[in-house]
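**Q** Input: one structure, supplied below.
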């Protein structure tokens with residue numbers, strides 16, 4: 001393949017100041033989305049603690065906050081057998097693992113994945129694609145011959161959102177070290193050796209070495225030059241290229257079938273890249289002298305309901321444009337004016353193929369931001385359902401709020417608060433919803449405020465603490481007993497160790513936004529400070545915020561959030577996320593808070609993140625038929641289950657039933673999720689292939705989740721089901737019926753489908769409760785008149 005290296009015409013982004021990796025200003029002040037939400041000191045609301053689990057390998061002199069939920073977080077801590085990976089992609093890196101030979105930085109670049117089967121479990125049938133992982137193998141390790149009997153010291157000397165600089169150094173010798181700039185999408189592993197003798201180790205047999213200058217007399221054991229092409233005996237066969245960029249050529253000796261060792265100490269840069277195919281060798285040669293050292297990110301809105309984010313890569317040199325690998329979602333949204341696409345690809349760890357791009361600045365655009373705000377796009381339910389919905393709302397509002405919202409943990413309490421907040425919202429927006437009962441609307445809002453007040457005062461069963469070490473808000477329960485906790489690191493789903501913050505905070509932020517929207521005067525100052533502290537903890541865009549880390553949960557390169565926080569034994573499969581909708585719920589909540597407070601940059605930023613989340617969800621988490629990023633048998637699962645950087649697992653953390661695996665991807669059902677994120681195409685495929693057969697048999701609250709999701713494509717069938725089935729603890733019957741009845745063509749869908757399938761005589765599959773005729777005078781009677789054949793129907 002012919003390839004011409006070009007210098008992209010870069011659009012310069014002015015940066016006045018930044019938190020490493022996050023630019024604070026774009027070219028137009030009015031368009032900038034990285035604007036402070038607040039500078040309020042959270043210690044005036046939340047008692048402060050210093051987190052008990054400190055990073056072991058962070059440079060404490062640079063003043064930076066150690067990231068807790070980042071792709072680089074494993075670098076800061078020890079792990080079991082030193083096997084916790086760092087995944088810049090397309091390479092996976094492990095430090096000081098015990099897989100034989102001198103310790104160093106191990107490179108893994110698997111072209112094939114390991115698929116594992118699961119036996120039949122509960123209502124989940126046998127699958128030959130229960131999980132997908134990468135085998136742990138030393139493809140190539142960068143080390144030093146001086147480290148044969150010592151373990152090098154390690155330190156992360158600098159970091160930003162897109163990179164970390166790792167130093168391995170000889171103990172008691174600060175002048176002998178290797179610096180590794182580890183950067184997202186890096187096409188090469190870069191190692192800056194200082195006064196150490198390079199050594200390259202592989203668990204595979206090295207079957208050939210080609211040097212660009214000369215070989216030894218016997219043509220077998222010693223090689224000299226600035227470029228070495230190494231071929232392994234793995235399957236499929238791998239070829240790596242080693243580039244020596246120092247002042248003098250490098251001389252390597254093949255010590256045995258697995259080791260290449262330099263003849264003397266070396267000072268200079270060595271770069272290593274996997275060669276996917278012979279035709280890409282000239283491309284790697286042309287880009288070898290320019291490497292990434294980090295990056296800045298900015299985001300801006302435009303005038304056409306769109307927004308974009310820009311990654312400006314930092315490099316060691318402007319000698320040539322940078323070569324970087326991009327994920328699938330980058331390729332579908334990137335502005336090609338600043339980059340050159342190539343045909344060179346490598347497999348990522350779990351996101352499918354990555355494609356190499358040439359260019360120092362990436363601008364990625366989202367042109368269709370969600371139009372959803374507080375209510376469904378068609379906010380009024382079908383008029384024939386209003387009386388029944390109001391009857392159910394009366395029942396739900398008459399329930400015991402304290403029992404549902406004052407539980408022992410914040411997660412389930414937050415779910416309860418949000419479900420009651422949705423009722424207060426639709427009653428108090430009666431001009432749009434047509435659900436008119438002013439007295440009941442006031443009761444709903446008053447009861448919601450009373451239930452929310454203990455959280456606002458931080459007097460709930462598990463109060464929050466402000467952590468001065470990692471600069472965040474944590475639950476007390478998982479802290480040591482000396483700090484008032486239980487010593488149970490898993491308490492609150494690991495919230496005290498920074499797991500699931502966007503899930504937990506999302507429910508509270510949505511609730512707070514609704515209260516402030518309906519009554520802007522209620523505890524206004526404290527509510528604003530409290531809510532914005534929770535937002536800043538998860539999604540802080542302020543470059544100068546001294547109280548919170550930047551973008552704790554959000555990953556601008558991956559295009560989605562990470563849930564997993566600090567893991568004392570290491571995150572052995574990398575970062576993870578299970579519930580996409582609960583991450584959506586947080587960003588929707590941030591969007592609503594922006595609307596409620598008139599903070600347009602926050603609203604647009606959250607809208608951009610929702611759009612990027614939607615894009616990446618259908619690339620990596622939820623799989624439409626024909627998805628190219630996964631093996632076909634994984635695609636047939638329709639959802640990943642638990643997604644890790646190094647593994648996908650068709651299960652959940654809390655059990656293995658189909659309704660669990662798929663249902664956790666459907667809650668909480670909100671207008672944002674129903675109207676924008678979950679598409680009819682995907683819901684139809686998932687229902688036909690996975691859920692339609694089991695939904696009528698589910699006798700747990702998951703049935704309520706499944707049928708409310710089904711309402712996206714078939715509200716007329718879902719509505720009577722939702723009258724009967726159990727509800728999830730974050731779901732009310734009245735709001736479920738309301739959402740269902742707001743779906744476009746609520747009744748006409750049924751009639752059209754019936755006429756289209758007039759040859760069938762099969763009734764819709766609905767859960768039975770023995771009272772099918774209970775509402776004969778209401779919905780069922782009208783439904784049967786519209787659908788006289790009692791036909792099964794599904795709308796696509």
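Numbering starts at 1 and runs along the chain as displayed.
Glycine is no exception: its Cβ is also placed from the backbone N, Cα and C atoms.
Dumping what Swiss-Prot says about this protein:
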SIGNAL    1-24  signal peptide
REGION    31-276  region 'beta-sandwich subdomain'
CARBOHYD  219  N-linked glycosylation site
CARBOHYD  400  N-linked glycosylation site
CARBOHYD  428  N-linked glycosylation site
ACT_SITE  500  active site
ACT_SITE  578  active site
ACT_SITE  582  active site
**Q** How many Å separate the Cα atoms of residue 500 (active site) and residue 582 (active site)?
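**A** A Cα-Cα distance of 9 Å.
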**Q** Taking only same-chain residues 6+ apart in sequence, whose CB is under 8 Å from that of residue 578 (active site), what do you get?
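**A** Listed in sequence order: 563, 641, 642, 643, 652, 653, 664.
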**Q** Do any residues at least six apart in sequence from residue 428 (N-linked glycosylation site), in the same chain, have a Cβ closer than 8 Å to its Cβ, and if so which, in order?
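**A** Within the chain, residue 428 (N-linked glycosylation site) has Cβ neighbours under 8 Å at 441, 444, 445, 518.
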**Q** What same-chain residues, at least 6 away in sequence, bring their CB to under 8 Å of the CB of residue 582 (active site)?
**A** 502, 503, 506, 667, 668
**Q** Could you check what DSSP calls residue 428 (N-linked glycosylation site) once collapsed to helix, strand or coil?
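**A** Assignment for residue 428 (N-linked glycosylation site) reads helix.
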**Q** Would you mind checking how many other C-beta atoms are within 10 angstroms of the C-beta on residue 500 (active site)?
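**A** Cβ-Cβ neighbours of residue 500 (active site) within 10 Å number 24.
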**Q** Over the region 'beta-sandwich subdomain' (31-276), what is the model's mean pLDDT?
**A** 96
**Q** Going along the chain, which residues six or more apart from residue 400 (N-linked glycosylation site) have their CB under 8 A from its CB?
**A** none
